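*Asks:* Quick one: this structure, given as structure tokens, is what I'll be asking you about.
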Amino acid sequence: MRLSVKAPAKINLSLDVLYKRPDGYHEVKMVMTTIDLADRIELIPLPGEDAIRVVSQNRFVPDDSRNLAYQAAQLLKETFSIREGVAISITKHIPVAAGLAGGSSDAAATLRGLNKLWKLGLSVHELAELGAQIGSDVAFCVYGGTAVATGRGEIITPISSPPPCWVVLAKPPIGVSTAEVYRNLQLEHVNHPDVDAMVGAIEQQDYAAICRSVGNVLEEVTLKKYPEVAHIKEQMRRFGADAVLMSGSGPTVFGLIEHDSRMQRVYNGLRGFCDQVFAVRLLGERHSLD
């Protein structure tokens, strides 16, 4: 039996870093939501083999233990003494190293899919706990939908989904090191977003308040070092997005837009100078294990 699983990207509507913890991680508080830009994971049993094979049409996707989907399969095999092999085919649509949790979502989709393929019977909560061992964003990606993430990002509290709107994303042709961004973050000199205000706006389904409440403390570092990201933000505002923010540590910038005609204007304007531009919708529902 082959199994196909969708692996949607996420954006951060609000991202705050509170302090650096004794274990070296940063304590964060953020609101994340999934969007309808997704990779496709296909899981293919390998009868008679006890191996994990990863293939992708994208040459930037590693095919070994550096790949988070590979790590997800390896973790399940080791934890539950699975002696079955699997091929993991990853069709990439989410840009790589973009601040959209593409690798984490691939890992989460692999966990959900192998839970079914190998008949492990794990709950979403149990899968998320396993996912947190792989990476901070994997736990959220197991759940999907919209949630507040705390701790180092692995403590997930699901909340209501925002009202439907367009999300236009633009990724400049640069890579940003998340570790470097956190290293250069000076918490005493940044403006901290009001994450609770974002949660309240979502619960009230108040689109205007959501747009007013977007914020990302990591912009303070990335925008200074990468003027291309700041330029995309400026242009997205100029073309008419209702709210504009960098996702994660960057470099992808997204705009929230309510109306179709304005979305088209923003999308077309950005396509004039940026190769990787996407117009997608927010995804309201959480993942099901069915």
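Here the Cβ of each residue, glycine as well, is placed from N, Cα and C on the backbone.
Model, not experiment: these values are computed from the prediction.
If you look up Swiss-Prot, you'll see Lys10, Asp137 marked as active site. Annotated ATP binding site per Swiss-Prot: Pro95, Val96, Ala97, Ala98, Gly99, Leu100, Ala101, Gly102, Gly103, Ser104, Ser105, in sequence order.
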*Asks:* In the same chain, which residues outside the set Pro95, Val96, Ala97, Ala98, Gly99, Leu100, Ala101, Gly102, Gly103, Ser104, Ser105 have their CB within 8 A of the centroid of the CB atoms that define the ATP site?
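*Replies:* Along the chain, the qualifying residues are Ala9, Ile94.
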*Asks:* For Lys10 (active site), which residues in the same chain are close in space, meaning a Cβ under 8 Å from its Cβ, but six or more apart along the sequence?
*Replies:* Met32, Thr33, Thr34, Ile35, Leu100, Ala101, Ser105, Asp137, Phe140, Cys141, Ser247
*Asks:* Tell me, by DSSP, whether Gly103 (ATP binding site) is helix, strand or coil?
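*Replies:* Assignment for Gly103 (ATP binding site) reads helix.
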*Asks:* Given a 10 Å Cβ-Cβ cut-off, pick out the one of the binding-site residues Ala97, Ala101 that has the most other Cβ atoms nearby.
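*Replies:* That would be Ala101, with the highest Cβ count within 10 Å.
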*Asks:* Per DSSP, to which secondary structure element type does Lys10 (active site) belong, with helix, strand and coil as the options?
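*Replies:* The residue in question, Lys10 (active site), is strand (DSSP, three-state).
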*Asks:* Using a 10 Å cut-off, grab the number of neighbouring Cβ atoms around the Cβ of Ser105 (ATP binding site), all chains included.
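*Replies:* Counting Cβ neighbours of Ser105 (ATP binding site) within 10 Å gives 30.
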